[in-house]
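Quick look at what TrEMBL annotates:
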ACT_SITE  GLU195  active site, proton donor
ACT_SITE  ASP327  active site
DISULFID  CYS392-CYS424  disulfide bond
ACT_SITE  GLU438  active site, proton donor
ACT_SITE  GLU460  active site
BINDING   THR544  Ca(2+) binding site
Amino acid sequence: MAKKSSSSSSSGSGFGLWRYLHPGYYLKRPQRLALVFVAFVSLTWLVWDRQTLTREHQVHVSRLYEQLRGLQNQLEDLKIDLKGSGVSITSIDKTTKPNKRNIFQDDPLNIQRRQKVKDSMLHAWTSYEKYAWGHDELQPQTKNGIDSFGGLGATLVDSLDTLFIMGLDEQFKRAREWVANSLDFNKNYDASVFETTIRVLGGLLSAYDLSGDEVFLEKARDIADRLLPAWNTPSGIPYNRINLAYGNAHNPMWAGGNSILADSGTEQLEFIALSQRTKDPKYQEKVENVIKELYKTFPTDGLLPIYINPHTGTSAHSTITFGAMGDSFYEYLLKAWIQGNKTEPVKYYREMWETSMKGLQGLVRRTTPSSFAYLCEKTGNLLSDKMDELACFAPGMLSLGFFGYDGGEAEKYLSLAEELAWTCYNFYQSTTTKLAGENYFFHAGKDMSVGTSWNILRPETVESLFYLWRFTGNKTYQEWGWNIFQAFEKNSRGEIGYVGLKDVNTGDKDNMMQSFFLAETLKYLYLLFSPPSLISLDEWVFNTEAHPLRIVTRHAHEESYILNEQLRFPDRFRGRKEGRSGYN
């Protein structure tokens, strides 16, 4: 009896607990139902409030950093102005700016993960060095090199800063010797002005900024001089191809004689940097005149079609996209402002970029049922529900630029960046191999489906995860990046180097290790697991090929050749690539 009683008591106790979870219990007791409802609403509000406060804190801290940077710029300007009058302000040199390096804890998991990425870089580089040394790219399946960029050693030059940043000193030294003794630009070859600028010129300038070795600057000047005749057009909008030996420039036949937006508006960082380091204004003049010309007909939504007439400087009827052939133009509007340390002479870049971001909002759509945010393409008044993986640079760009906004605007753009990053991560997660296809379509009532199904080791999603992690400190982005890295290791790594996939669902492999895999994908992965002090975003800005260039404050009174005076932008203006779209 006692045992039965104990059992009955236990059973009754269990029923007493479970009855509170049964809906019928509350339907008979409306007062308690109301109490539960109030408690649920209060808890939901509390969680939402905590998240909002956290986000507002991120925005507030970024804004404080921005205000401090502005004050430091003003102090630096004052120091320069007073220096000429014999007044010395030594106390300014004692100012220090807060940096995440002071509070960052380098945990063992990050150390382990970046070592894995470094090992992958070493595997890719050793394979290139053994089978394709001096050639543009490695074909791992056939174990040979190919000169897809005219024989400029594209992978070698593209990899210089990655080797340096990862501390692969012996490999960097051997690459440096090849650059000094074997890199020859006198090629009877019609080069892409864009690709040569971002990979070769950008790679050389970054190696110079990191190492201080003059040989890289000398080579950078050589290739830039060979590219300059491309800007000799009636409008100053450059032709997109040029013969490196003879200087004959033209546009590709398939573009109908037009120049391409991304190709023509993605040389500013490199050529401005070259002018600053050589003290020769001609490089900067050429590329800033492009922005001046585009400003003349800059639309109120800041969105330009991908084709531009180099004779008139006006846009031709064509697609508007943040994917192939449009993407990096918008990226460089923001980054040229950052490169100049966000001072008055470069303010017009930021103003134009903010106008373009208003236009970008008009291209945002969300899927059903999962509400994935994506960026449409636009032709005339028609929107196409298609997004390139190339457009996955946009979350990183938005997070890089959000702190320049005030209050709610900053919050809005950071939220959009996070939404788009989630979509781009799911480009990877939605396939059998967990690697993203080249582009995606969004059909009514469905979330996403792969369009072009190859993967050529692109970096854009990892790039955005890097920026979002740097600015939010949210380790979720590191986890996503690690998952993508593991997918590359599983599907693309071979005995010799890395290859792309012909199809992200079948896993069929191609025969090309793209130079940007070493220059961008592995570098961004390495930095994703490194302390923020390594290539601090307070001191460096990345070109569109992930080559870090030092930020140099621009002062109007120091630059007689700055175009700012000619542009006369109002105080508040309102209104990756070629895009590597061919599959080898």
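Glycine is treated like the rest: Cβ placed from N, Cα and C.
Here the C-alpha separation of CYS392 (disulfide bond) and THR544 (Ca(2+) binding site) works out to 13 Å. Cβ contacts within 10 Å of CYS392 (disulfide bond), excluding its own Cβ and spanning all protein chains shown: 29.
When other Cβ atoms within 10 Å of the Cβ of GLU460 (active site) are tallied across all protein chains shown, the result is 28.
Here the Cα atom of GLU438 (active site, proton donor) is found 11 Å from that of GLU460 (active site). The Cβ of GLU195 (active site, proton donor) has 24 other Cβ atoms within 10 Å, all protein chains considered.
For GLU195 (active site, proton donor), the spatially nearest entry among the recorded positions CYS424, GLU460, THR544 is THR544, judged by CA separation. Of the recorded residues, CYS424 (disulfide bond) and GLU460 (active site) place their C-alpha atoms 9 Å from one another. Rounded to a whole value, the Cα-Cα separation of GLU460 (active site) and the residue listed as 'Ca(2+) binding site' is 10 Å.
Of all Cβ atoms in the shown protein chains, 23 besides its own fall within 10 Å of the Cβ of GLU438 (active site, proton donor).
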